[in-house]
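A quick write-up on the structure given underneath.
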Amino acid sequence: MASGLGKDLIYVILQFLNEEKYRETARMLEKESGVFFNMKHFEELVMGGKWDEAEKYLSGFTKMEDNRHSMKIFFEIRKQKYLEALDRQDKGTAVDFLQTDLKVFSALNEVLYKELAQLVVLNNIRENPQLTNYGDSRTARAIMLVEIKKLIEANPLFSIDKLVFPEMKSKRLHMLINHSLNWQHSLCANPLPNPEMKTILVDHHCRSPNDQYGTQLNLSNQHHGFQSRAEGLTPMFASGIFQPMAAPVQTPLSSWMAATPSSSSHPVSGAGIVLSGLTNTSMAAVSRGAGDFASTSRARPSAAADRTMMPGPSHSQNAGLTLNTSDDLPKIVARTLNVGSFPTSMDFHPIQQTLLLVGTDVGDISLWEVSSREKLASRNFQLRDITSSSMTLKAALIKDPFVSVRRILWSPDGSFFGVAYSKHLVHLYAYFGGNDIRLHLEIDSHTGSVNDIAFSKPNKQLFFISCGADKTIKVWDIATGAQLHKFEGHEAAVHSLCPHNKDNVHFIFSTSVDGKIKAWLYDTAGSRVDYFAPGCSCSTMIYSADGKRLFSCGTSKEGETHLVEWNENEGIVRRTYQGFTKRSLGLVQFDTSKNRYLAAGDDYLVKFWDMENPIPLATTDAEGGLTATPRIRFNKEGSLLAVSANENRIKILATVDGLLLIRTYESRTVSASRGASEIPTKNGDSINLQDVKGKGIAEGNPTKAWKPTEINAPARFRSLKLSAHIKTDKISRLIYNNSGNAILALASNAIHLLWRWSRNDLNTSGKATTKVAPQLMQPASGLVMINDLTDCKQDEAVPCFAVSKNDSYVVSASGGKVSLFNMTTFKTMTSFMPPPPAATSLAFHPQDNNIIAIGLADSTICIYNVRVDGVKNKLSSHSKRITGLAFSQLLNTLVSSGADAQIIVWDSEKWIKQRGCFLFPPGRKCAASETNVQFHHDQKQLLVINEAQLSIYDIRKLECLRQWIVEESSAPISHATFSCDSQFVYCSFLDGTIRIFAAPNLQLQCQINPAAYLPSGISSSVYPLAVAAHPQDPNQFAIGLVDGSVHILEPPETEGKWGVPPPLEISSTSRTPPPAAAPDQMQTD
């Protein structure tokens, strides 16, 4: 697709064609260029039933296989074509459409394809429950167009510039031609007062009537010159900081980002990185800028200088910008940390933005809470197991035991961090909050220094990437440490990594110390591009936070520093930033902030730029004492900046917002530390709250003693009881759909109830809320989703269900056969696996809705394939019925729990047992109660719910991280669930109490007593049996009660959360006091 000035030229030509009524030609240019999608034309094709033309036009912008949005668009068009053929009783044509146009979708959704095929036998398609409201073809097309427009707008291939034609004055092409002719006339040696201009095929030249020979010679030369320039119409590199050099045509990145790999070699160029368009570096010598379509050697008249646009604002503009944005730049020294040795690498936590990781020149790593200046954790460099280390590493350590940290980096979700060392090794740590860091992997990754590390997530799987002095790049499995890819091709040590994805294509930029830049896909085809960085400098590449702008900063051997922004579309340097010292004393490091600012450490200063302006915006010396080329690192919001300083210090610079952030965390830390100091411990367990009278309160300082919140009145929170006219028994299971706009309940009498919220003025989001009552759904057919009860023993039945990822289907059982329902029509799609044994737990495979894990009463697990209607695998290891199932897509595991109080981890690819453990010590008697499991949103931690306890496990080792045990005098747990962000655990009890725990330490944060949500006069035997958390709002949850009612609960709008978070320092293993003894330690609402 064209880009830059070439793209603008197409827009101008399209305007000209439309103005001159060359509409068919305009549509052809739109389709072939892919620059502008004419929605009006597409609507006309669809409304006119011109299906083939509509698909042909659409194919100029996307193919069916590009993404799910594109596939859905093509499906909707072909489905409508098929339905119209059936509606006009042209069944022969309809069958032809079914077997050709729609057949391609059968592999993706065979059930839906069969449903469409069944329409052929109907005399009227409106007999199908889903098509009862199908009107005439024109109305159906209009409705379909609304859906297609939404799909197009959501499709990443249809960016906003493709859907909106740019504003320009009419007759723009005519105006540009007039400007060109006037310009040519101004260059004439003897301009005539009223020149005659009859053609634009050659340059204009004023001549006298007697100058025929000169005219002919001039015209001949102009024709030759025009042909030469026309050959250079492909995008060309600006001269900029690069010296023009002839080279063969290079492979643009747009070509290797397509699926087809290339094994051809890639010559070196000083031109730049190309992300789209063609590149011909041999034309660089004649190009005066990107898109300079008709460069001329003649000097521009001085009068034209007034019309020249400069690359950035003037100094006066810059001064104003500095004044207005000074608050956005972190220049206030808020904290100074003494880390003990020289800091070589730093990184802020992506979520807890005052946590700073630091690596030093002696191999130490440390974790700091910058608000309190507290070092939370530290580790010295040491080998986990020297006996298993390579001989090369042992020899290197014997020769020189000195090891430094080259890079330290958090994973995107902050649950891991990696450390690259100067000798061979990478350490990968797991972070569990607070000061809890644990070595997860030690990898002997490279020969020599490991220079950089990065995290990437192609195919939604988290990978770990490293590069080193051995000139290689390696990709590792973060769960096992297995090497997945190895990229070779650099001729010098690889210095840095920059993984990214563009249009769902994942790739890695790498730079080496000789100034080379290469790019790799996750395959074996080798490097796709091969370029030199500006000035052949040893560079680092970084994308802006929104992933839309690419920057690099490097320092050459001569000490020259080049900070540039790349134009990915043109393959050139878009902007070169000024203000560096002529000879830097080391490698200059840089970082980006807020998609707006750049910062670099140079000449004992931190220098800032606005991304739009090459002139420095501001500088700071951070009150002095900075190193010559300071290491720098922004936090995610750009409100804090860590800067290395002399004497082994790190200075934390802050904006005004950063100061507020630090003070907020500082006050929390002070409060938490005081609260923790007032609670004595015994044998590692927290003593019950009723045993501690609150030392802080007795001393007259109640604001410093943290208490959980207790809610006794309905006025202290928001709730909504969902109405239902269908008679049901107790609610056994409850779940929100994945979109968050509906909730599904399964009653013990096998009836399903589905409530759905609609979008309106009172509920603009259309999501579940307590502000607006939802509608109890029931199709016009009158169908009710009710499970099979044939051969079912009601007293032994264990109701269970699961909703597919796309919210289209629910699989459910209540002691009889397993049923698969369509959630739109309530139609039973199929039933399978009659008892005995009966299904007791169900879970959809996260990557394939046709694969269902079914736990059975005989203690086995069946992996059932709906597509082939058969059991694929059978797993056996439990001794009692299965009570819980949960998949982790990240770890490719299935976790099962049973009434035998056992947890087992299965490989979800090979379907073999990996490990298992018991919840209780061997020999301890425990009731055969229901044990449920649910994954944390990081898919590595697991919540285990039993009537006697809540536990959180690291599933990779089956190690219990945190535990909360119910006192013998307290009511048992009935159910519990994580909030959507896994920061809360919502837990219900058989006495009707609801407790909300802070997940990081399983400490009670809020308690809702039955009187708050149950009307007066309700029996004390009414309690929640099921709890469900909203999939997008972490503070909303629902409860299903034994009286058949469902309630939605939310905190007050004024507070927006459930109570005050407890301090993390409180012990992670605790016991609940009896409810009657708790109120004196509660903050009562």
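From the backbone N, Cα and C atoms, a Cβ is placed for every residue, glycine too.
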Annotated stretch (region 'Disordered', per TrEMBL) among the listed ranges 261-291, 292-322, 540-570, 695-725: 292-322
Stated TrEMBL location of region 'Disordered', expressed as one of 202-235, 1052-1085: 1052-1085
Beyond the flanks of the repeat 'WD' (875-907) by 6 or more, those residues with Cβ under 8 Å of it: 460-462, 479, 798, 840-847, 853, 855-863, 913-920, 926, 928-935, 938-940, 942, 944, 946, 953, 955-956, 958
Across the repeat 'WD' (443-486), average pLDDT on the 0 to 100 scale: 92
Helix, strand and coil totals (DSSP H, G, I; E, B; other) for the domain 'CTLH' (35-93): 40 helix, 0 strand, 19 coil
Counts by DSSP class (helix H/G/I, strand E/B, coil) across the repeat 'WD' (443-486): 3 helix, 25 strand, 16 coil
Three-state composition of the repeat 'WD' (875-907), taking helix and strand from DSSP: 0 helix, 21 strand, 12 coil
